[in-house]
Amino acid sequence: MSYLTKLPAILLLADGTVFHGKAAGKIGTTTGEICFNTGMTGYQEIFTDPSYFGQIMVTTNAHIGNYGIRKEEVESEQIQIAGLVCKNYNIAYSRKQADESIQDYFQEQNIVSISDIDTRQLVRYIREKGAMNAIISSEIMDIDELKKRLDQVPSMDGLELSSQVSTTEPYHFGTEGAGKRIAVLDLGVKKNILRNFSHRDVYGKVFPAKTTFAEMEEFAPDGYFISNGPGDPSAMPYAIDTVKEILAAEKPMFGICLGHQLLALANDIPTKKMFNGHRGLNHPVKNIIKNHCEVTSQNHGFGVVQEAVRASDKVEITHVNLNDQSIEGIRVKGKKAFSVQYHPESSPGPHDSRYLFDDFVDMME
Ligand SMILES: NC(=O)CC[C@H](N)C(=O)O
């Protein structure tokens with residue numbers, strides 16, 4: 001299939017900037033918000049992370065596909081990114097355990113992508129101009145036509161996406177009869193979060209995004225987990241209400257990423273779209289309570305409004321980002337509820353923050 005990589009493809013940004021590259025994956029056209037991830041490994045986990053739904057991913061690591069695709073190394077059952085932009089798209093792979101090539105994987109799942117892009121130049125450009133929509137095409141070479149299509153793509157600001165990636169039916173994980181039971185509100189949950197719970201003797205039930213607190217209570221959980229997920233947290237009043245009900249009922253609660261943003265919103269702290277998101281595996285975060293630094297895995301394009309957190313009398317800050325001082329963790333005063341903006345399940349990434357899962361299990365005692 002290597003002939004495919006020789007076909008031309010275009011990446012057009014919403015501000016009119018054009019990049020020329022080669023077709024990768026399926027031949028076609030795709031749109032989404034463009035973002036970049038600086039992780040040096042873990043492309044498969046990135047592709048399948050439901051938080052990336054609707055986004056075109058630029059990988060700054062120069063080699064993508066070189067260790068192939070292994071069916072079990074996924075964060076959800078399908079590829080969630082809208083498309084990939086990379087430098088070297090390697091169809092040949094060198095790992096014995098791999099099941100297939102990136103090209104077969106992308107073609108099976110209809111993922112349109114572009115390679116042979118100067119990703120350093122592109123990332124520098126996006127960093128300067130901020131998040132914006134983009135279109136990739138390996139079938140339409142007419143820029144005006146691409147512009148027309150790109151104009152119809154909605155902004156990520158104000159977009160609710162969790163209900164498109166959440167499970168439609170509840171399901172269980174872990175071993176029944178385990179030490180603790182949790183209810184997981186699935187807004188786009190990553191499999192490695194559930195693995196981290198089941199490895200800690202936790203049995204759980206995963207519920208669709210729009211499940212109410214009363215419905216989850218029927219499972220009689222010891223605590224509630226609010227998951228990561230795509231889209232704008234402020235466009236999810238249904239989930240904000242659920243979090244408010246969990247807090248009002250004084251139940252233990254832990255939130256990751258989107259779950260962190262929803263815990264803030266439930267405490268009247270607004271969120272906002274970031275100029276550029278945090279996406280990578282080496283973001284330094286200071287744990288203010290323990291006075292130590294954690295190297296963290298991150299993937300978010302929205303954040304909680306720092307001044308509002310600092311002014312709040314309902315929550316206290318537990319973690320701060322050492323690159324830009326943004327708020328990375330909060331806990332609710334007088335309640336058993338806390339959340340982090342980064343990814344302690346870090347799949348892939350450093351394991352510095354795994355203790356947060358232990359903290360939550362202890363909190364349910
Ligand atoms: N990983 C996540 O949960 C992302 C949360 C939210 N969609 C954001 O981009 O900020």
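In case you wondered, yes, glycine gets a Cβ from its N, Cα and C as well.
Just so you know, TrEMBL annotations are computer predictions that nobody has curated.
What you see is a predicted model, and the numbers here were worked out from it, not measured in a lab.
Some features that TrEMBL has for this protein:
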- 1-180: region 'CPSase' (REGION)
- 7-137: domain 'Carbamoyl-phosphate synthase small subunit N-terminal' (DOMAIN)
- SER51, GLY229, GLY231, LEU258, GLN261, ASN299, GLY301, PHE302: L-glutamine binding site (BINDING)
- CYS257: active site, nucleophile (ACT_SITE)
- HIS343: active site (ACT_SITE)
- GLU345: active site (ACT_SITE)
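Separation of the C-alpha atoms of SER51 (L-glutamine binding site) and GLU345 (active site): 14 Å, rounded to the nearest whole number. Ligand 1 lies within reach of GLY229, GLY231, CYS257, ASN299 from the recorded positions GLY229, GLY231, CYS257, ASN299, HIS343, judged by a C-beta closer than 6 angstroms to any of its atoms.
With helix defined as DSSP H, G or I and strand as E or B, the domain 'Carbamoyl-phosphate synthase small subunit N-terminal' (7-137) counts 26 helix, 47 strand, 58 coil. For the pair formed by GLN261 (L-glutamine binding site) and HIS343 (active site), distance between Cα atoms is given as 13 Å, rounded to the nearest Å. Cα of GLU345 (active site) to Cα of LEU258 (L-glutamine binding site): a distance of 14 Å. The recorded positions listed here (GLY229, GLY231, ASN299, HIS343) include GLY229, ASN299, HIS343 as those with a Cα within 10 A of the Cα of CYS257 (active site, nucleophile). The distance from the Cα of GLY229 (L-glutamine binding site) to the Cα of HIS343 (active site) comes to 12 Å.
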